[in-house]
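Engineer: Not my notes, these are from TrEMBL:
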{"type": "TRANSMEM", "residues": "12-33", "note": "transmembrane segment"}
{"type": "TRANSMEM", "residues": "330-349", "note": "transmembrane segment"}
{"type": "TRANSMEM", "residues": "356-376", "note": "transmembrane segment"}
{"type": "TRANSMEM", "residues": "382-407", "note": "transmembrane segment"}
{"type": "TRANSMEM", "residues": "427-447", "note": "transmembrane segment"}
{"type": "TRANSMEM", "residues": "459-481", "note": "transmembrane segment"}
{"type": "TRANSMEM", "residues": "525-547", "note": "transmembrane segment"}
{"type": "TRANSMEM", "residues": "848-867", "note": "transmembrane segment"}
{"type": "TRANSMEM", "residues": "874-898", "note": "transmembrane segment"}
{"type": "TRANSMEM", "residues": "904-931", "note": "transmembrane segment"}
{"type": "TRANSMEM", "residues": "952-971", "note": "transmembrane segment"}
{"type": "TRANSMEM", "residues": "983-1007", "note": "transmembrane segment"}
Amino acid sequence: MKLVNTSVKRPVGVIMIVLAIIAMGVISVRNLAIDLFPEIDLPIAVVATSYPDAAPQEVEKLVSEPMESGLSSIEGVNSIQSQSQSGSSLVIIMFENGTNLDNALLEVRESVDQVKGMLPDGANDPSVLRFNPNQLPIMWVGLTGSDTTTLQSVAEDTVQPYFERQSGVASVSIEGGEERAIELELDRSAMTQYGVSTQLIQQSLAGANQSASAGSIQKGDQDLQLRIDGSFQSVDDIANTIIQTPQGAQINVSDIAEVNDTLQKNGTTLVNNESAVVLSILKQSDGNTVDVSDNILAAVEDLNKDLPGDVNLEVVVDTSEFIKQSINSVIQNMIFGGIFALLVLLLFLRSVRATLVIGVSIPIAIISTFVLLYFTGETLNVLTMGGLALGIGMMVDSSIVILENIVSYRQQGYKLKEAAVKGASELAPAVIASTTTTLVVFLPIVFVDGIASELFTPLALTISFALVASLAVSITLIPMLSSKLLTKAMEDHGRRYWFDRVLNKVIAGYQRVLEKALKLRKTTIAITIAAIIGSLCLIPFIGTAFIPEGDQGQVGITVETPTGTNEEKRLAITEKVNEKLAEYDDIIDVSYVTVGSSNPEQAVMSGGSAASYQIQLVAADERSETTASFVQQLDEDMQDIPGADITVTEASSGVGGLGDPIQIQISGPETDVLQELSDQVLQVLEDTEGIYNPTSSLEDTQPEMNIQVDRELAAQYGLSYQEVMNQVQISFTGQTVMQYREDGDEMNVTLMFPEDARTTINDLENVLIQNQQGTSIPLTTIADFEQVQSAATITRQNQQRQVNISSGIEGMDLGTVSTNVESALDGMNFPEDYDYTIGGQAEDMTEAFADLSLALILSIFLVYAVMAVQFENFLFPLIIMFSMPATAVGVFGGLFITGQPLSITAFIGVIMLAGIVVNNAIVLVDYINILRRRGLDRHEAIVEAGKTRMRPILMTTLTTILAMVPLALGYGEGAEMQQPMAITVIFGLAVSSMFTLVLIPVVYTYFDNLSERVKGWFGKKPKKEKEV
């Protein structure tokens, strides 16, 4: 082979190329972004709209429904879901897989702009967001030690700008603190006296706070722009604003309202039960999480030196810590795996130099992989690094085959260079074909849709890059190093002779087993089939799961209170939650809570009436229980707290699927029927094994006073429905009417009535509505009141009402629980026009399994195709393919023994096996054919090939297996993702290798007999006809 010959003859050139690759690799590693998981780009867009103080039904009718209608015409939309809560609307648009989300977002924004004009007054402009699990805050930093006003000022003026200047930071948000606001507390009696309505006040304020351009004039050679600046310059200007009454009189705002320059709480935030302001940091999309976090940590240290008084900055949650620990764990596993692989080689090769030759190939292959990862835009994460760790053992396979052949030629008396060239050139084609069979199994994964593709395409690319790099090393660097570093003669060393004796006994034992199997061929086949069937029977005991999550030690608590619950009540409930948390001080490192929020975007996500906790547990090795078990225990404890719906969840990385493990969506036109069906389904779930804490979206109700305005009667008094609604809203919640700017700061100007006039039903009945003429009409004259219980959240799917029933799981795997739920629901009778679907992680898992099953079938076909091309034969590849079914014994047996369910990551291991297990069979069948061509009969060739090829088969198998052992043991943070993959490959490869050495020779004999019969059928010559 020319490449091998050139490499041996030009060692300096090879060394310089390797040094150049190493240099590029070092630069690539420094520039590769580091994250926990690959960037997940799901085709999902979100439209969030806040409509302060509006009831869920009103939000549904006036905001969500128009938005759904406008968005439904966009091309490529798969489904539209909306959630209408008090004061907020959330519309989630899911596009078909493969949709260009950038283009889709442009269409969404265009549709939203068209709908915007149809939204009611008081609704804020909708925000169009790209759903991206990676674009979550990477760090929360708490500011404590002083009053909230000072903390807010320090956060806005000093900390936030400083953080935003740090490299890689996209944005910094502030939670908690107080903001300056101007409140106009209206005097209802004075308004009645002057005949002034709230609408007139709004118009007067808006008209007085105006600035405009009035053209330009000339002064000499200059053009002077004319500008009329009537904007308010002080709070006194607001108080002195003139209002023209309907009777023609002029009064000031101060005559009918008390103007208060005050502070408005932006919710209440506590860090470890101390008042605080918390800043959350988002990184740029291409930013390195670890680098950005390090920059923020350095910034915190710098700022703490200059902060005033007792003000102190402390890190509350730092997601990069888990990333660092996870990456370090993978690197540690890679090192141990590499050491184990080299020890195996040293044991077999009995030469330190030969072992070092192969040992050098591992880091060079890894460094080359970093270069390829950099140029393909991948990141360093637990999956790409896990791919390298999984590939450590496979990286040396090609080098082992090449080196062993070189040693063989050397022992035959060839010179070093000649042995290197001949040994490498002879097996280079076989090594290329063998590597290709491993590579092609990853090709279908690239074409799989959904989250499985998003997660595992980077892993597939990483392993593929590593194998290509190791292949290049095996046919260039290995021959060159062999020609320089191998000893003149490969002598035996007495201290290792014991291993040869052990190995010879193993080979002798194998020969006896093989001889027996060839005599009892049908029995061998029967035993194999029985073993496979037996392993398949283990599937119900193994179960299925989606994607294992790492134990990050991050917990979230959401405290939902009925709409209208005041802050004092929320704080009282929060105090009870804090008392529960105090019982776990030994494992809680730090916690912070936000109670309420005046931030519209936060209100959209929380419903505006929730308290939310972020809790960081101590490191996993410092506690005896997992985050999942802690969450379950804490969730049970929190159910004792009355007056709130408290949910405890484990913070997700975003890869474990969307939603709860089990989600059931019931859709239909009538709310009453949906309520009845929801109750029935909840009862069914309560009786279903494995279900934990099922809840319905209709369970979350709130007391509501419906005000039913008689539109015709209101019109007779000169009032529109909008005027009545605005005045009632101002009477009880206030209304922001304008923005006031002073010294570069912008603050809300809010109209409101005194608090003691807006707390009771009697206050509501006494509300006076004023028309344009200044006449006051009691609200009771034009409206009726009805107190009802209404849903706190109204969910719609594809423009139809929907009820969501969600549940956790306990004591059983997700697949078994999902099957139980399906069986239970099949026994229910759903009325016409009503239907249900099972979603959540169960749906994601089912779809991913279907996609990966197709990928496995395609992978098996591609492996056969590569072997058919290699052998230029359709029959021999079929013999080799018989090594695949036996992997089921190892896979399911291994999962059963280790207690691991068949997850998506384990399934990826199965696909990997499809390309790995055939390599041993290729080596065996190929050598049988070689020996038969040399004149040995079939039986002798089979036995001799088995004895001869057992050594390299053991070497490659053991190096691959032992290199993965550290991953299979699951040590270190973040190991949960790779563990099922490693277990699958280890057990599958080990069992398959044993079957390959016995089963493949038996199958070979059957196919050889079939081949002879076929040749006999087509080889008979027709009898010649008698000549006449």
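Counting starts with 1 at the first residue shown.
Note: Cβ is positioned from N, Cα and C throughout, glycine not excepted.
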Engineer: Same-chain Cβ contacts of the transmembrane segment (427-447) under 8 Å, 6 or more residues past its ends?
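Structural biologist: The answer is 1, 3-4, 394, 397-398, 401-402, 405, 453, 456-457, 460-461, 463-464, 467-468, 470-471, 474-475, 852, 854-856, 858-859, 862-863, 865-867, 870, 908, 911-912, 914-916, 918-919, 922-923, 926.
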Engineer: Return the stretch with the most CB pairs under 8 A relative to the transmembrane segment (330-349), choosing among 12-33, 525-547, 874-898, 904-931, 952-971.
Structural biologist: 952-971
Engineer: May I ask whether the transmembrane segment (525-547) has at least three C-beta pairs under 8 Å with the transmembrane segment (874-898), counting pairs 6 or more apart in sequence?
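Structural biologist: The answer is yes, given that the two segments have at least 3 Cβ pairs within the 8 Å cut-off.
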Engineer: By a Cβ-Cβ criterion of under 8 Å, what residues six or more beyond either terminus of the transmembrane segment (952-971) are in contact with it?
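Structural biologist: Those are 329, 332-334, 336-338, 340-341, 343-345, 348, 386, 389-390, 392-394, 396-397, 400-401, 404, 503, 898, 916, 919-920, 923-924, 978-979, 981-983, 985-986, 989-990, 993, 996-997, in sequence order.
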Engineer: Do the transmembrane segment (983-1007) and the transmembrane segment (525-547) share at least 3 Cβ pairs closer than 8 Å, excluding pairs fewer than 6 residues apart in sequence?
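Structural biologist: Yes, the stretches contact each other.
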Engineer: Mind pulling out the one from 12-33, 382-407, 525-547, 904-931 with the most Cβ pairs under 8 angstroms to the transmembrane segment (356-376)?
Structural biologist: 12-33
